[in-house]
Amino acid sequence: MSGHIFGLKLAQYIAITLTLAYYIIATCHASFSAARTSIHRRLRNFQLGFSCLATLSSYAQAFIAIKNSRPESTNDPDVVYALFLSLVWSVLLLGFDDASKPASYPHYGAWAILLVSHSIVFALQLDNRSSSYSIRLGSSILEGVRISSTAILFGSIIVAYTGFLRKETGSDEETQPLLAEEAAQSKANGDHKEPKTPDQDELDRLEIRKRPKWQYFASFKIFLPFMYPRSHQSRLFLIGMFVCSFAERIVIVALPLSLGTVVDGLGEQHIPWAAITRYGLLKLLISGAGLSMIRSYLSWHITTSMTLFLNRNSYDHIMNLSADFHDSKKSSLIWQTMHQGQDVIDFFNDCVFQLLPTLIDFCAAAVVLTLLFGPYMLFIVTTTTVFFYWLTLRALSKKRDLNRNSIDAWYEQHYQLTESTMNWSTVSHFGRIAYEMQRYRDKGDAYRTATLTLFFYETWTRGLRYAIPAINFVAACCVAALQIGHGQKKVGDFVILVTYWTQLTNPLDLLASNLSRIAQKMVNAEKLLVLLEKSPRVQDEPDPQPFTFIDGAVEFENVSFSYDSKRKVADCITFRAAPGQTVALVGRTGGGKSTILKLLFRFYDVDQGRILIDGQNIRHLKMESFRNHIAIIPQTPAVFNTTILENLKYPDLECTEDEVIEACKAAALHDKIMTFTNGYQEKIGERGTKLSGGELQRLAIARAMLKKSNILLLDEATSSVDSITEKQIQTSLQKLCVGKTTFVIAHRLSTILHADQILVIQDGCVAESGTHETLIKQKGAYNELWSSQLQLEAPDVGGRSQSRSPKKQDAACLINDLSSNGEDAQTLLENTTAKEDTGKSHEGEEPPRPGSRDRTSRDRTSHQASHAADEDRGRVKGKHLARALSRKLSRSKSPKDAPQRESSSSRSRIPLKADAPEFVPRNLLNGTNHSIGDSINTVAGTTNNDASVADSTTTSDKGRTSRASTADHSEAS
């Protein structure tokens, strides 16, 4: 009979232990796998119903067993088995908390184990005659119901893969809209909010979250190299932390036992001084002045070192990323992400020195309480743990999403703050301060809503978690009181129970808090993980060659490039820049000029072709070696918020102050710097706010001079300066460019007349190439750009700017005759072709603008009588002007390039009013022309049939301007 009872108990223990172990392991594996389960609600409801039936039968059998047991018994095997069996079925029932899927293989395996174990236990219980017939009958009926329910649940595996699910799936398919557009429309009608388009960072984070859980957690192994202390001292501190943590675990276990000894000694009518002293020492060790203080000091030292090491590596990684990342990054978010390194270190610290020690404390308290009060107390502790952590984990999945929403809302608010304050000038210029303030309030409201939602959810779930240990503590006290009342335990054991229960519930709360905090740290670390997983698109080859400078020849061979692999920004570009040549890149905005300079500097790698410097492919060279030979003057220079001297010395930190001053004088910046209070030690402010745009460009020119490079890249280097300063800078640039291969991007074509080669870039291709004179004669794209720019700069004879309605003119006769000493002798002629009759002359004109028809009619009526006189006078003036130009061109160095003046009739125009002001070009008012070529322009035009033109001629020796008399205009009126 003893062997029969032993077999029955062994079968019961194996059934409970094996079922729980399998289900926990299988559930963890299922949660970490990437398998997706389809939604079959009818099957889930079927399985849920029979699981409830089996659970209720288990609780009913436990109630019968407790009622049949002796009151003083604390380890009745039938009661223990019935209690733990009801706990197992409760755990399986909690597995149906996800309403989106039915049971899977964790449930199927557990049901199989229970079906076999229930059958064996039922067979062994048939021979048990220890209880009355009615109790055995009731237990047998409940056992039969449970076995039948288990068999039906296990049989649902077969049902899951037969026609039942196919019919269920078919019904599900019939509920889907026939067209995807219909589904999208129905969804859109229910959601009036405009969907937010995620940026690239958010897409990268979504890609990480979509990974299987085991792969998601494995992604964080990228932080493991930063978790190991680097110095010998840090390793010793880490060992000390482990020693202190282990000692704390021993003290926590011994402290309640020592208190129980003190209570028992006081109950025996004597003072246990030794026990009191021992308890006091243990209390001191566990206090904030003992082991925890030492561990905190060691932890602070280690975490600070680890955080600094991680931040340094993150910074190095960001600085080594290529231009494609830096051109699209959000600077403020990157700065904030850098600080997430502290969360990563805290995540490591929480796992090793918070989560694991707390788990050890919990297990120790459970073991001690079980040894003191028997298996009933083990059941209470286990039930408390299961329901507490089920609520914790159930709330954690929801809280993780809420926490992520709160963090994203905070980032949006922070980004709005930094962007609006950094661009305050732009906001003020457009009068959008109130708009930005409202946007910041909206972001703040969104952050407050997300945070409050998270807070309310956390408060509600925390209250439910704390209710479970409080209720079970009452049951534990009842068990201890029964044993003390029957003389099985001492009063000191009740004190031990109260103390250990506190140590049991505190680890439960700490574990839940640590899990919640770890989940939050992981969400925060996602941004840093995305950043560290990025790799530079442009980097040195495994064994790069050092660059050897020869003479600075640059060659593009069939270079093609695209930023997004869709639209080509550079398409089969081929040209060669000889050593010391100046190559100008012109064309419309967005044509690809700046991209060519970026490819030359190797901010990006070409998709096709190759770029050679002195015959060496830059893709095979060490980037730092050939970039040291290239200096760039950008259109919008970037400076640091330091002193002017530090910004100037940035290209060469070893240069002297005398060299800096000479460079500033050459860039026409020295006098401006000396006007500051601190001179060269003046801080220029964030993004150079104390300097104007022209002064910033001159600072960039000075830095390029100090770099002493052999290849120079100019991207609209004089676009933000006045004419006088531009002339000074051009003189400095001419000195700087001597003997250097120079690439110039220019929209003001007068600045590149001296270029050895001009490349016209259109849609990523080289449309034309050659010198200024050659391209003018080709009458192509460059000629059109040149003519358009002249029309925009030259006013109309009537005092109105032709930029309002530019007309295409023939610029074939515009020549650039540069003298050897750099002086200007440029003559710009406007050759207009007239029509044979007045009717044809009006065919190419633009229709009059609204509002101008009445004025035109009045002018035509008032001056109709003077048309004939104006026409004769215009012919006479045209002849005098032609003779003057012929004499001027005869003294030119290149008479062969001088155009031949053709006589032609003028286009009919409205005559000038009598009081119309005489037109004098602005560049001739002071007798000086400040354009870059130092050229003196003479614009001559023939008179039209209805208008007279004021003559403007220049003298080449004294630069004085003679003006035509206005008497003819008054006489004409």
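For all residues, glycine too, the Cβ spot is worked out from N, Cα and C.
According to TrEMBL, the protein has these features:
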- 189-204: compositional bias 'Basic and acidic residues' (COMPBIAS)
- 833-875: compositional bias 'Basic and acidic residues' (COMPBIAS)
- 876-893: compositional bias 'Basic residues' (COMPBIAS)
- 925-965: compositional bias 'Polar residues' (COMPBIAS)
- 239-520: domain 'ABC transmembrane type-1' (DOMAIN)
- 554-788: domain 'ABC transporter' (DOMAIN)
- 183-204: region 'Disordered' (REGION)
- 833-973: region 'Disordered' (REGION)
- 12-34: transmembrane segment (TRANSMEM)
- 46-66: transmembrane segment (TRANSMEM)
- 78-96: transmembrane segment (TRANSMEM)
- 108-126: transmembrane segment (TRANSMEM)
- 146-165: transmembrane segment (TRANSMEM)
- 236-259: transmembrane segment (TRANSMEM)
- 362-391: transmembrane segment (TRANSMEM)
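Residues 77, 81, 84-85, 88, 91-92, 95, 104-107, 109-110, 113-114, 117-118, 120-121, 211-215, 217 of the same chain lie 6 or more positions beyond the ends of the transmembrane segment (12-34) yet place their CB under 8 Å from a CB of it. Counting Cβ pairs closer than 8 Å and at least 6 residues apart in sequence, the transmembrane segment (78-96) and the transmembrane segment (236-259) reach fewer than three and form no contact. Beyond the transmembrane segment (46-66), the same-chain residues lying 6 or more positions past its ends with a Cβ under 8 Å from any Cβ of the stretch are 76, 78-79, 81-83, 85-86, 88-90, 92-93, 96, 102-103, 107, 135, 138-139, 142-143, 145-146, 149-150, 152-153, 156, 159. Sequence-remote contacts of a segment are chain residues at least 6 beyond its ends whose Cβ falls under 8 Å from one of its Cβ atoms, and for the transmembrane segment (108-126) they are 4, 7-8, 11-12, 14-15, 18-19, 22-23, 26, 88, 92, 136, 139-140, 143-144, 146-147, 150-151, 153-154, 157. Summarised as a single figure, the pLDDT of the domain 'ABC transporter' (554-788) averages 87.
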